[in-house]
Structures are given as structure tokens and as C-alpha cells.
Amino acid sequence: MTFNDPQFADALLELIEGLGTLAFAISGIRHAAEKHFDWFGGYVCGFAVAIGGGTIRDTILGVKPFWTTDIRYLFVTAIALFLAIILRKRMKKLNNAWFVFDTLGLAFFTIAGMQKTLTLGFPFWVAIVMGCITGVAGGVIRDVLLNNEPVILQKEIYAIASVAGGVLYWILLVLNFSITFTVITTFILIVLIRFVAVYYHIQLPILRDED
Amino acid sequence: MTFNDPQFADALLELIEGLGTLAFAISGIRHAAEKHFDWFGGYVCGFAVAIGGGTIRDTILGVKPFWTTDIRYLFVTAIALFLAIILRKRMKKLNNAWFVFDTLGLAFFTIAGMQKTLTLGFPFWVAIVMGCITGVAGGVIRDVLLNNEPVILQKEIYAIASVAGGVLYWILLVLNFSITFTVITTFILIVLIRFVAVYYHIQLPILRDED
Amino acid sequence: MTFNDPQFADALLELIEGLGTLAFAISGIRHAAEKHFDWFGGYVCGFAVAIGGGTIRDTILGVKPFWTTDIRYLFVTAIALFLAIILRKRMKKLNNAWFVFDTLGLAFFTIAGMQKTLTLGFPFWVAIVMGCITGVAGGVIRDVLLNNEPVILQKEIYAIASVAGGVLYWILLVLNFSITFTVITTFILIVLIRFVAVYYHIQLPILRDED
């Protein structure tokens, strides 16, 4: 079983997608807990983060939302709710794990969103926008549902990592690199940008008041 | 004219749908009034509650939204606005009526949403999610538009009644009961859960802070 | 080069659409600046105002969103962000210009939204709703994203100008006026209503509390 084994690669991708979905759902549930939502509200927020970005993408692209053919997203959200209730007092100690899973999810969903958009025949710049929406819009929906200002739009190098990955993906494909190389390199770039930005507290410039 | 008369059943269903739509629109307009929206803003909020859930469902399912072929939803919302303005000081005394109509609407829209989803060939668990979205998402849109935290996700046994109805619907059809029996039983269950929960102040557990 | 020259008319329409898009994007970015969003957040808000209404319309109507075949909306939003950063302290002095451009955009997008809806075979009252959504929903998305109460629903004669234009458009076409005459008259009516309402501080009645 090596990296060249397609079955291993498939299993690895499934694992990354599962961990990413779990981290996304957990982020929705934890934010809902801060606002004292009930269990159902927490589940809805978790599910919205887990599938929201991809659902907006699929709705805009005019295709059947991905989660309507795969019940596992509902299950993973249920696991996330279960973990958030059971491990309540230990969730903060696991912050590093959630951060890593969340970043894997951002990279995975960005690339998956781009590939789906390109497969449907849209131009590359639409794919970059859709990759970003796939990775990021769930978190925006979460903040809108919870009546918070979307933190992703305020100070985190999060969406920009997704866009940078999208641009690299485009360049590598134009330069005739293989799909496998392109995907792996893009994945690493998105994860790296996110890690470095959080570690060194790098932010984009803030828009200032007019006076 | 009996319950077995199809024309009577159709008229009854139309009446329930009309009262439900009216109650949904009125809930949007009353919440808008609390925030001192103008008449047009009230109309928009009312319309959003009345058609929002079904529109999200239809958009996700990829079909033409139901209200684009039936102008009556716009009319019912206009009636709701008219009532809310004319009966302003008496609206609170009518709270029990709105509550009953709203609950009829929840049950009706849940079942209608499920049936439409199943007709389009989706699996049962998608139908349950769509039934819940049809019954509940309008109220969430209302709260998002009005910059409130969605009350449905915080403390009411509302969406759960819809989900429980959806699960019962599934079980009864699997057990080969007739459609008529299934629909009536599901309708009664949803209404009962909602009434009992409100009467006895039953709530789901609340998600607690992490420390 | 006269008003009867089709090339001149096309160029004029492109100019109006461009200025309207620019004004919509700038309104999103300025509101984002008030909340101290970062540059990316400002760009997203600007883009959401510029393309949000038309995207909701196209998604509801079940067609490919207009901006996925025309990269210029992304460029105009970039220009808007550039202007908002460079001219930060002078933005307020330009308020009259933004107001005029925004009003041109409202009229243009309303009519474009109606025409697209009618072309797809929907009835006239759906076209009026869609014209209003095209012109107005971007601003509502902006306020929802920024966690503000939607100002359009509270006190401005803004959406009503769009609806009034839609009704006039309908009447003129029923009365067999030419498309050109109908479009120009509708355009002028929408702009006039908006100008007069702002100049004379005309508002719709406000919904009042229930006690």
C-alpha cells in the first residue's frame, strides 16, 4: 500500500473529507453553544457549516446538491453534535486538532469545488470563485444564522488561502502539470498559507473609516 | 359532503394551506413591526416567511418555485399586511388563533415539502430534511432579515415536530399504510407535538458553554 | 451618432450598467469599512451587492447566473475596492455621484431583471417581483452579511420605486407601446421616484408597535 496505490489515495481523500466535514460541523455547533442554542439548533448550525458552501455552489451551478446523494454528511454532523456535548469541557484543549482538521477541510473543499465547476464547463475564474465559496461560505452562513459579523470577512487569512490555491491550480494546469501534482501542490499551498498566517498573526489590511 | 368526498378534502387542504400561509405572513409582519420597518419592509418580511421555506426547497431541488405559478401567495401576504395594520391593537388578543394557524401551516408545509421531494425521486431522508426546510426556513429567513437570533433554533419545539412528522411519514409508508392514512396521522402528530410542547413548556436541552 | 443609432444605445446601456455596478460595489465596500472588515471582506461585500440580486433571480429562475459568463463584474468590483481605498477621505464628497450612479443602477437592474424573467416565459407579476429582487436584494444581502438591519426595508423609498417601475412597464406593454418607449419611460419613472423621495424626505408609513 503506497501513495501510488489508487485505493490508498481514495481512502486518504475520504479521510481528509471526513475530518474536514467533522471540523466544519463542530465549528458550527460550538458557535451555536456560545449563543445557547438548543441541540436541534446546534445540529442545524453544524450541518449548515458542513454542507452550506457546497450547497450554494451546486445551487448556483444548477446541479443537485452533493449531500442529497450521500447520507454520511448527516451522520458526521450527528457525530459532531455528540462529541460537542460529551467532550464539552475538553473541546478547548482539542483546539489544535480542530484547527488542523478545519484547514484540511478548507483545502479539500476548495479543490473539490474547483474541480466540480471545471467539469461542468465553466471558465477558470468561476472555478476559483466557486472553490472559495465551497470552502468558506459555510462559515459565513454560520455567522449570519448566529447573528454574528462574519469573522472570515473581518480578519482571518482564510478565504485568501482558498483564492491563492485556486490561482495556483489554474497556473499549474495551464503549465501542463499533471492533475495529481497540481492537486497535491495546491493542497499544500492552502494549508501552508493558513498555518503561517495564524502562526505569525498575519492579516490583510483593514478597511478604515472615512474620517 | 363527507371526509371521503375528494372535493371536500381538496377544499379542506386549500383552507389549511391558506390559513397557514396567512399565519406565516403575519408572523413576518409582526416581527417587522417590532423593528419599525415600513409597510413595504413588512410586506417583504411577510412574503419571505410565507414562501421562503418552499423557495429554498425548490431551488435546492432544482424546480420552479411553487409561488411563481400561483399569484395567491402575494394576495394572502397583502391581506396579512392589511390585517396587521387594521387590527394592530387587537393582534395580541388573537395570539391563540395565529398560533393554531401557524401550527396547521407547519404540518401542512412539512408534508407538502416531503411529498414534492419524494415525487422528484429523492430518498426519504432528503424528504425529511426538505419537509423541515419547507416548514421552518421561512421563520429563519425572517429572523436573519430582522437581525434577530433565529428563535426556532434556540428554544422552541418547532422544527423537531416537523422532523418527527417526517420520520413517522416514512415509517407508515414503509409499513404499507395508505397515503391518506399516512398524511392524516403525520398531520395530527406534528400538531400534537407542537401543542403539547408549548402547553407544557417542553424544550430540547440547551447547548452549554464550554467552561 | 444619435439616440437612434443602435450602437450608441448599446454603449449607453453598457455605461449605465457599469456605473450602476460600480455604485453597488462601492456601497458594499463602504458599509464593510464602517465595520472594519479587511480588504477581502470588503471585496466580498462589494461583489455581493453588485451581483447578489441578479444571482438570486437567476437561481430562482433556474438559469446560469449572469456573472459566470462575464468576468467584468469581478473587475468592476476590484476597481470599486481600489477607489474606496485610494479616495477614502474624499468618498463623502462624492456622495452625490454615488447616489446618482446607484439610482441609475436600480433602474437598469430592475428593467433587466424584468426582461430576463419575461423572456423565460414567467407571468408579469413574477417579472415585477424579480425586477425588484434584481435591483434591491444585493443591498439586503449586504446588510445581512454586515449584521445590520436592512435599511431598504426600513425607511427608504427604494424598492417601491422598483415596483412602481415594474407596474408601469407592464401597463405600457399591455397598451401596445414599443419596447424602446416602455424601457425609457420606466427608467425615467424609477429614477424620478427615487430622486423626489430623497429630495423631499418622502417615506412609506412605518409599522407601529402593537401597544
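Each residue, glycine too, has its Cβ placed from N, Cα and C.
A TrEMBL annotation is a machine prediction, not a hand-curated record.
Copied over from TrEMBL:
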DOMAIN    B:16-88  domain 'Glycine transporter'
TRANSMEM  B:71-87  transmembrane segment
TRANSMEM  B:99-118  transmembrane segment
DOMAIN    B:100-172  domain 'Glycine transporter'
TRANSMEM  B:124-145  transmembrane segment
TRANSMEM  B:157-175  transmembrane segment
TRANSMEM  B:181-202  transmembrane segment
Inset, instruction - Sort out the residues at least 6 away from either end of the transmembrane segment (B:124-145), same chain, that have Cβ-Cβ distances under 8 Å to it, and list them. - result: 24, 27-28, 31, 44-45, 48-54, 56-57, 60-61, 105-107, 109-118, 151-153, 158-159, 162-163, 165-167, 169-170
Legend entry - Contacting positions for the transmembrane segment (B:99-118) when only residues 6+ beyond its ends and CB under 8 Å are counted: 13, 16-17, 19-24, 27, 53-54, 57-58, 61, 63, 124, 126-128, 130-136, 158, 161-162, 165-166, 169, 183, 186-187, 190-191, 194-195, 198
Inset, instruction - Over the span of the domain 'Glycine transporter' (B:16-88), count residues by DSSP class, listing helix, strand and coil in order. - result: 62 helix, 1 strand, 10 coil
Legend entry - Helix, strand and coil totals (DSSP H, G, I; E, B; other) for the domain 'Glycine transporter' (B:100-172): 59 helix, 0 strand, 14 coil
